[in-house]
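Record features (TrEMBL):
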type	residues	note
BINDING	B:Leu9, B:Gly10, B:Leu11, B:Gly12, B:Thr13, B:Val14, B:Gly15, B:Thr16	NADP(+) binding site
BINDING	B:Lys105	NADPH binding site
BINDING	B:Glu190	L-homoserine binding site
DOMAIN	B:10-129	domain 'Aspartate/homoserine dehydrogenase NAD-binding'
DOMAIN	B:137-315	domain 'Homoserine dehydrogenase catalytic'
DOMAIN	B:351-413	domain 'ACT'
Protein chains: 2
Amino acid sequence: MKPVKVGLLGLGTVGTGVVRIVEGHQHDLMSQSGSPIEIVKILVQDKNKARNISVSSDMLTENPWDVIENPEIDVIVEVMGGIELTKQLMLGALERGKHIVTANKDLMALHSPEILAKAAEKGCDVFYEASVAGGIPIIRTLIEGFSSDRITKIMGIVNGTTNYILAKMSKEGAAYADVLKEAQELGYAEADPTSDVEGLDAARKMTILGTLGFHANVALADVEVKGISGVTKEDIAYGKRLGYEVKLLGIAERQDEHISISVQPTMVKTSHPLASVNGVFNAVYVHGEAVGETMFYGPGAGEMPTATSVVADLVAVVRNLNLGVNGRRGFIPYKEKKLKTDEQIASKNFILLHVADKAGVLSQITQVFAEHGVSLESVLQHPNATNPLAEIIIVTHDANKAAMKKVLKQFEAMDVVHAIKSVYRVEG
Amino acid sequence: MKPVKVGLLGLGTVGTGVVRIVEGHQHDLMSQSGSPIEIVKILVQDKNKARNISVSSDMLTENPWDVIENPEIDVIVEVMGGIELTKQLMLGALERGKHIVTANKDLMALHSPEILAKAAEKGCDVFYEASVAGGIPIIRTLIEGFSSDRITKIMGIVNGTTNYILAKMSKEGAAYADVLKEAQELGYAEADPTSDVEGLDAARKMTILGTLGFHANVALADVEVKGISGVTKEDIAYGKRLGYEVKLLGIAERQDEHISISVQPTMVKTSHPLASVNGVFNAVYVHGEAVGETMFYGPGAGEMPTATSVVADLVAVVRNLNLGVNGRRGFIPYKEKKLKTDEQIASKNFILLHVADKAGVLSQITQVFAEHGVSLESVLQHPNATNPLAEIIIVTHDANKAAMKKVLKQFEAMDVVHAIKSVYRVEG
């Protein structure tokens, strides 16, 4: 049987895992896909670098176009990362009729319309299961498993680094800076952690999930992003007291035809299944009109979990090759994107205020909420031991974002409000 | 565009949900599948029965062969249940080139080899996502999402009735019989609850999951089954004291090429994600060599969740129709089934003994474990307030089943052992 030939771009963590699975599971992959799968060319940065996997040096190249232009290659597996060059390589591969499996969330979040259009034009597959939530097959689940339903909400813990940091802050009562430093030493956080801790990585993944869930082309710029660098141990402690864990959630919501997508640290009720997702695990909660509540949980990163998703996509490409249907089972958004206005975005909110410790203040505060039609679920006031002021924690009922903005603006102008210490969205 | 015509067998809970989704989501279904989908004939038990959905009486028939033999019908959706007649109807439909979507776990657990062989012969699709775990797309996940991996373990809470009963016993400290009676009154348990509470329903689902996970034809007879009717509130209380929740788990395991499948009440460590799955929710935990730990959670039954899975399968059939690839993407086990022997099945165990309350007994008991090579994780002894005897709770390390059988047999013959009150598998 003629083998399907694969060009691999990148032999880092995930690329190594891909080689291991393709070589180690050869018989199973053939039984399931219908053809032997053979990696014939691998792009690396340095051909002479020592590696913890043995690959023939003939296969290695430092020039990506050696892979893209190689006429015997049927499928490109892209696990090199990067955006601009990688996009040119992907378009070049499609131009030559090669199918693509990619783990590149940045590329897909920014350029999927262009890449998928080129794939459709050329009759090629582009699959990207590994781009979101590592080993969890959430992209297939949204495209195939819930094809019959109308998704109303997707909430994801889709960044392992921030989940590790927040879970550790919660468990140990530790400060953000200390835990970040430790995570960097352990290799769970990058030397420059900005993309993770400021929510950009999660925002890219939510762009992809939002597009799939709502069948409309969500752009990265549509995602409102806030990271975890402002989360204090005090916030976490106050959250716990009221029954919440702080998690960095990506939230994509739809009501009628209007959608909103955001990433922010969120107070999640401890009884919600997302609240107990700890360590570097990822989880995606999906609510559909018909199916109701579901959740998908697993390793969000790592060599073998991510490679599992990459190679499952490779199997899908090979199955399609053997059926002659490549490029005809792709995901194509068919709805116009309509974003919610601030008036249409509603959530519960957790607000921590420092206020003057004198009579009548609480009444003034609650009056502001009332003026803007925001009703309150709970109010907790207690004197702060170290300051001549009081702390007030307020949890609102569902309130629209426009009203909340007005409330906070009014607080800023009030003398009795010394500081708006924290504002969190509340879920669960 | 020519609509795809569907014959529906059954208009009970799930059938009603299927009609609602197919009619309500018409535009979305067409956008995703490529064709309009039209239900043209519905089998019912009584044409004149009042229904909480409006369907044209012309569509209804009381004769299943009216549907099967109708030449304009492309796809049969089977949500009538039953085994022998239903099997004849399915084979008759395939003989006529009709594709099948079924929610029937009993049929698929007992007769899937015959039905899938006929489907392959006739170039027809047979999809059955709704047969296991209602709205959770676990069948797709095993076939597509983990096609690249080698599954080592599947643990499922796949029966909502027993999960409801056990969770309620745990929460309220209530006795089995009382909670069962209440569940029956609320409609969560059948008047004859045998199939649920004795684990037969779960065993059928595990037959299907085991077949999919291990690529070998698992038969219902291969599943060792024990239900929850012997679970006492004392067991649950003792379990809690040691950090466990009792759950009815289906467990399918593989080591090298040998597999075992069982259903039994299991002590699940409270930190394990399955331990906190409550109410009528289902969850399936999947461990793969490459991916590691994953879990899929959602509603296990009910009109709309189950119908979501049925209609997702229908969309898949229609997509295949438009690609001309029906019957070519089915799941075909390619491995020989090899069952583990008792020597190859290992687990931790929880054992509650009533023993004579006198010196030296604990030493005699622990000696028996040692003789058979079973090492112990924890031992808890305390006098029973109401009896002139002591209770001993032992949790073993991983021990093979053959050794455990010998240990228990020896206890039965010992005078100082008054009763082996309970034996549970331990997970997590």
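Cβ atoms are placed via backbone N, Cα and C, with glycine included.
Automatic, uncurated: that is what TrEMBL annotation is.
Sorting the domain 'Aspartate/homoserine dehydrogenase NAD-binding' (B:10-129) by DSSP state (H, G, I as helix; E, B as strand; all else coil) yields 59 helix, 19 strand, 42 coil. Looking only at other Cβ atoms within 10 Å, the busiest spot among the binding-site residues B:Leu11, B:Val14 turns out to be B:Val14. One way to see the shell of the NADP(+) site is to take the Cβ centroid of B:Leu9, B:Gly10, B:Leu11, B:Gly12, B:Thr13, B:Val14, B:Gly15, B:Thr16; the remaining same-chain residues with a Cβ within 8 Å of it are B:Leu8, B:Gly17, B:Val18, B:Val79, B:Met80. The DSSP secondary structure for the residue listed as 'L-homoserine binding site' is coil. Around the Cβ of B:Lys105 (NADPH binding site), 23 further Cβ atoms fall within 10 Å across all displayed protein chains. B:Lys105 (NADPH binding site) and B:Gly15 (NADP(+) binding site) are 15 Å apart (CA-CA, integer value). Under a cutoff of 8 A between CB atoms, and with a sequence separation of 6+ in the same chain, the neighbours of B:Glu190 (L-homoserine binding site) are B:Thr161, B:Gln184, B:Asp196.
Taking each of the binding-site residues B:Thr13, B:Thr16 in turn and counting other Cβ atoms within 10 Å of its Cβ gives the largest count for B:Thr16.
The most densely surrounded of the binding-site residues B:Gly10, B:Gly12, B:Gly15 is B:Gly15 (count of other Cβ atoms within 10 A of its Cβ). In this model, the domain 'Aspartate/homoserine dehydrogenase NAD-binding' (B:10-129) carries an average pLDDT of 97. Non-local neighbourhood of B:Leu9 (NADP(+) binding site): B:Gly15, B:Ile42, B:Leu43, B:Pro64, B:Val67, B:Ile76, B:Val77, B:Glu78, B:Val79, B:Met80, B:Thr86, B:Leu89, each in the same chain, at least six residues away, with C-beta under 8 Å from its C-beta. Here the Cα atom of the residue listed as 'NADPH binding site' is found 14 Å from that of B:Val14 (NADP(+) binding site).
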